[in-house]
Amino acid sequence: MFPFSFSLHCRAVCSAVKIINLKVPSTYLLDLTSKTPDPLILDCEYEVEENEKGFVLKWLLDGQPVYQWIPSKNPFPFQPFKNRVDTSYVVSQEDMHKHRAMAIIKPLANFTGEYSCIVQTYASIDRKTAKLKIIGV
């Protein structure tokens, strides 16, 4: 019985997906006079084993989903981010990390709030959260 319980423990701990760095600026200055403001980049660096199954990355704003990426699919922004995220933005050439960052190309002042990155597989999940304040200037 001992080897069986050890292998379950090792599977849950040894191959867990883990966020190692969440890059969300505390403030973003939104130039209200610019027709093309600088993009707002939110990045979620993580470690995941190649053999992990069912990987998905999600960004939430105040608990509501705004972006989702599954490596075999294109990134998918939800409303109100639908036409405000550059889905072609690539932060890494590694297949399991390409679209981990969300590039908001037309940020709005009401995008202020608490951003969470969630990474999960069939075996594990990790979540990190940071606050962002958008200030119109």
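Heads up, the Cβ atoms here are built off N, Cα and C, so glycines get one too.
So that you can see what the record holds, here are the features copied from TrEMBL:
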- 25-133: domain 'Ig-like' (DOMAIN)
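The average pLDDT computed over the domain 'Ig-like' (25-133) stands at 94. Helix, strand and coil counts under DSSP for the domain 'Ig-like' (25-133) come to 3 helix, 47 strand, 59 coil.
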